[in-house]
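These notes are about the structure you will find just below.
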Amino acid sequence: MELLNTVFIAKAIIVGVVFAITLGIAAYSTYFERKIAAFMQDRIGPDRAGPFGILQPLADAVKMFMKEDFIPANSNKWLFIAGPCLSMLTALMTSAVVPFGDSVTIGGATFDLQGIDVNIGILWVFGIVSLGVYGIMIGGWASNNKFALLGAIRAASQNISYELAMGMAIITILMITGSLSTKQIVEVQQNGHWNIFYQPLGFLIFIICAFAECNRTPFDLPECETELIGGYHTEYSSMKLGFYLFAEYINMFISGAVMATLYFGGYDYPGVEFVTQQFGSNVASFVGVGALIGKSLGFVFVFMWVRWTIPRFRYDQLMNLGWTGLIPLAMYNVVVTGFGILVGKPFMVSIAGLVVLIAALFVYDQLLVKKKIA
Amino acid sequence: MKLSNKTKVLEQGEMTLAERMYLPAIVGGMATTLKHFFSKPVTIRYPEQTRYLGPVYRGQHILKRDEAGAERCTACGLCAVACPAEAISMVAEERKAGEETLYREEKYAKVYEVNMLRCIFCGLCEEACPKEAIFLRHDTMVPVFHQRDEVIWGKDKLVEKMDHRYLRDGWK
């Protein structure tokens, strides 16, 4: 009973800390998004609120709360409120299974720095991410606005299409690890055996799908200001809008953490053994937490970098890429990985698979596609 | 009809393999944005930072004094005539004995007013002036006003202060 209590308290603390870190990073993502956009366009960005504009998220929050919270007369009031709540809820739930660090020993008791270590970890992520589209769908439907509904429908079809390719990309990870538990996936990758080296193609597919799942540029068709005035959150104002935008940034951070977990060794970093010998395993674990968060923030930067580089896809291009590009590629990747495991040389076979793929595409291009008329 | 030989004919045929794979173009684009990420911003934070606008910028009006400190303006009214916006008005007065140090000529402007709402900062008053008395400063702008009575500037604001003389770049 005593042990149960300590475990419960430890878990509560971990969940609370993860929650706080996620929210804090999401809040500051809005600031860094604007700063990075500014730097990439040779501007300065927000610099009025505090030194270097560091208090900008606070000012934004105050502004959001002060705005009129408008609910359209012909909307479905309860669903209209439920939409952003659901978006926020699902965005925050995903982080539960991400292993933020190795185990820590305090006072004889050992705790995993992870919300819950369930044996279906990665399926949990998938389930919650697919629930996330309900927030958008319900918000778009409840608005009773054609543009909002169009945005919501786009979001739904886009998420379903890209989830398939994403799942296929993850199957290869499961084949290598032999487990669905995120903890175990990370443990297999310790000491520099990161999955990115064995699964470059799988990672490429996964990151493209992650962009689509987060509704980020170049796949931000659900919001699409130029066509849909803002898409599913056209009718939203005040903090309800704020929740939708906030959920997007949380999703970005969490998908960065998931990508780091699946492909970049999670909390692994070069020199773990050195730190363990010098300062003990607890310090090494906490440095590992920093490494994971650093990797996630790196991915958040990539998300923003891509946003300010690439224009939006057209809808048919989006569907074409998802169904005829990524899904066959992911299937090919599964076959190549299976072959690699069979032969016993996963690294060599994955590189060979890439080479064969490019060669095959080149030959196909030479033989069958009509050339430019000179 | 060909006007120059600079015309480029744009042909859009089938996309090549590299183009259809998007990725090379995406990497190229991301390299471009990263280059800009590390380049210097061009923004000027205006009220705190100002840019040099050149020696002929037409800013705030000033009525010059000569080297001895006497007002140059003789109230001939040419500036008022030249002004396309009719922003300038003045009242002339004859110089009394003993005022030689104050006014250079025998006639001077007792009242000299510029209506800053009418002024279009064209600089024609500056060109019309035969005595080199009125100038539009290159280094100062007319500050924003919030009240009606701040709009009309009299001699108290226009006449040059001797301890803070105006010197345009290029003047001796």
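Glycine too: its Cβ is placed from the backbone N, Cα and C atoms.
TrEMBL does not curate its annotations; it predicts them automatically.
According to TrEMBL, the feature transmembrane segment maps to A:6-31 (among others).
For A:78-101 (among others), the entry in TrEMBL reads transmembrane segment.
Annotated transmembrane segment per TrEMBL: A:121-143 (among others), in sequence order.
Look at TrEMBL and you will find A:164-182 (among others) tagged as transmembrane segment.
Annotated transmembrane segment per TrEMBL: A:194-212 (among others), in sequence order. Long-range Cβ contacts of the transmembrane segment (A:194-212) within its own chain (Cβ-Cβ under 8 Å, at least 6 residues beyond either end) map to 158-159, 161-163, 165-166, 168-170, 172-173, 176, 185, 218-219, 255, 258-259, 262-265, 268, 302-303, 306, 318, 321-322, 326, 329-330, 332-333, 336-337, 340, 346-347, 350, 353-354, 357.
TrEMBL lists A:241-264 (among others) with the feature transmembrane segment.
For A:284-306 (among others), the entry in TrEMBL reads transmembrane segment.
Under the heading transmembrane segment, TrEMBL lists A:318-341 (among others). Listed as Cβ neighbours of the transmembrane segment (A:318-341) (distance under 8 Å, sequence separation of 6 or more from its ends, same chain) are residues 157-158, 161-162, 164-165, 168-169, 171-172, 175-176, 198-199, 201-202, 205, 208-209, 212, 219, 221, 347-350, 352-353, 357.
Residues of the same chain lying 6 or more positions beyond the ends of the transmembrane segment (A:347-364) and with a Cβ under 8 Å from any Cβ of it are 197-201, 329, 332-333, 336-337, 339-340. Annotation source TrEMBL lists transmembrane segment at A:347-364 (among others).
Stretch with the most C-beta contacts under 8 angstroms to the transmembrane segment (A:121-143), considering only A:6-31, A:78-101, A:241-264, A:284-306: A:78-101. It is A:241-264 that, among the stretches A:6-31, A:78-101, A:241-264, forms the most Cβ pairs under 8 Å with the transmembrane segment (A:284-306).
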